[in-house]
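**Q** In case it helps, TrEMBL gives these features for our protein:
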- 19-190: region 'Disordered' (REGION)
- 42-60: compositional bias 'Polar residues' (COMPBIAS)
- 61-75: compositional bias 'Low complexity' (COMPBIAS)
- 172-186: compositional bias 'Acidic residues' (COMPBIAS)
- 199-240: repeat 'WD' (REPEAT)
- 300-342: repeat 'WD' (REPEAT)
- 395-436: repeat 'WD' (REPEAT)
Amino acid sequence: MEDEAEIYDGIRARFPLTFGKQSKSQTPLELIHNATRRGGAATTNSNGKPSSSYSTKTTDLPSISSSSKSWLDSLRNPKTRNPNFGDEDGDRPMVGPPRPAQVDSNADEDEGGYAMFGPPRPPPGSGGGDVEDEDGDVMVGPPPPPPGSGESDEDGEMIGPPKPPPGSNLSDSDEDEDDEEQEEEENRYRIPMSNEIVLKGHTKVVSALAIDHSGSRVLSGSYDYSVRMYDFQGMNSRLQSFRQLEPFEGHQVRNLSWSPTADRFLCVTGSAQAKIYDRDGLTLGEFVKGDMYIRDLKNTKGHISGLTWGEWHPKTKETILTSSEDGSLRIWDVNDFKSQKQVIKPKLARPARVPVTTCTWDREGKCIAGGIGDGSIQIWNLKPGWGSRPDIYVEKGHSDDITALKFSSDGRILLSRSFDGSLKVWDLRQMKSTLKMFEDLPNHYAQTNIAFSPDEQLFLTGISIERESTTGGLLCFFDRAKLELVSKVGISPTCSVVQCAWHPKLNQIFATSGDKSQGGTHILYDPTLSERGALVCVARAPRKKSVDDFEAKPVIHNPHALPLFRDQPSRKRQREKILKDPMKSHKPELPMTGPGFGGRIGTSQGSLLTQYLLKQGGMIKETWMDEDPREAILKYADVAAKDPKFIAPAYASTQPEPVFAKSDSEDEEK
């Protein structure tokens, strides 16, 4: 007994004190993820039928092994779960491996009567040394697993997850086999789209999206002229942005791009000047605008028209690329906002200013592709002495403006998206013809882009809503190897899908959508496949308000609120109020009652400046308009004769009595 106690204590000392205790239930987290689960009707496969793995009849998650499925089913359905995956009462599900069975306390002394934690004890009689088998030989290594878990045959030992129970309808009929094959075909891509959250805040369509390389911060730009910044680590389940910017007043946000080190980001708007912000949203500078009166674009210091696209160099943190409606592409140095490093003028059939609708780098930053307004695709290789002459020129790539270009990481495939409702796959070694063209993909936004999956087996793009369409905004997935449509995922029934991204570290899919009145960023994820990101913020409840958060609002006494100091309402509001009144709006103007009243001179007496000055000087009396002019003059006749002041004193000595000239009009008439 002493030897057994020593062995038990030695084994128990290797494990922490908390080992074997009942862990906290994960039911609240499961309820949270169940609340964000997507409906099955929104997902269809390539044949247009609802996907079996996302239909409303089943709740299985995609791309999960059978043991994981049984564990998840045991969490969701406590009554039908495996007894090994719960406590004794069957009320609370236990997460993790099953607990070891406890030994009966009434057992004999050989069994020990203790509850065993950790690996199984050595058989009795080993004396704390090497374990001997039945033949008496010394056995080296861990003890063999207990019997009763066979795998190879009925009497052998089984390694791995338990076999499915009999009667599980795995091979009952051909229809079940077809469903399984179809589900395996769909699940082999491992698309994380069982759950969904929406980052809201914009009032118009979200046209720009950028996720940093670590997956902690998300940028979204919109047609409402604003940029919103989201942080998964500091965001709770309310999904609110921590900062809002307005890069350029009155200009739509067209693209956002993080630097390779994710310490700064580029913001491209409809103005001619791109801006650089740091990670916290503080402005670091904006690039200079060119002279619009210079004809040659190579002689201007910057763009002279609105920008259409811009991307940061994938490897160099000091270099960015922009394209503009002025018909040029420019490479900039972030450390110098006053001038650009290189100006690229695309090849045109005839001299004109054709806008460059989009541009992009390849993965190594050694190649540039541009989509021109005439439908051509032009590619330049960055090499010593290179200029504006393209190395690859596709004259008629699309019949309408190109909205996005995307290189594959191996540099073999180029994807192009256009307003003509198509997505084309190009082989960079043979650009004369397309490998595949996918049609019936409506596109009404100049920022609709293309994205690859992390392993680049799939590529995806968004679809805009048409007036006669009943499908809504979709996200289409295509197989790169087979060049066929794999799945269509419904994002919004009333809004178009513009930009999309599949983050490799988070394994979550981002899709922006919106219309003229609303906009949001949809995040698709899977609790079993995705990491961090949406999983972090969804499970974080908002902080409850405490007593310290209470603030008493002070009473502000405004002296201008008194009638003595209150401003009179503006005449504009009075006129608008009168126009709305049916009686006052039809009342004719009052007639003029005399000079200076009711109209021309003024509505009040003495409204003119001259009248005001004369009245203040005492030269105008209030009764002068009511008197007879002749009587008013004659009343001063006696005073003028006795005490002349002006003309009479000058002739007092020479002409004491005035002699007036007689009129000659009578003589002329005679």
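Heads up, residue numbers simply count up from 1 along the chain you see.
Cβ atoms here come from the backbone N, Cα and C positions, even for glycine.
Have a look at these and tell me how they're positioned relative to everything else.
**A** Non-local neighbours of the repeat 'WD' (199-240) in the same chain are 32, 246-258, 260, 262, 265, 267-269, 279, 281, 445, 447, 495-496, 498-501, 503, 505-506, 508, 510, 512-521, 523, 532-534, 536-543; each lies 6+ residues outside the stretch with a CB under 8 Å from one of its CB atoms.
Long-range contacts of the repeat 'WD' (300-342) within the same chain, counting only residues at least 6 positions beyond its ends with a Cβ under 8 Å from a Cβ of the stretch, are 251, 254-255, 257-261, 263-266, 268-274, 276, 285-292, 294, 348, 352-365, 368, 370, 373, 446.
In the repeat 'WD' (395-436), helix, strand and coil residues by DSSP number 0 helix, 19 strand, 23 coil.
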**Q** For the repeat 'WD' (199-240), would you mind checking the mean pLDDT of the predicted model?
**A** 92
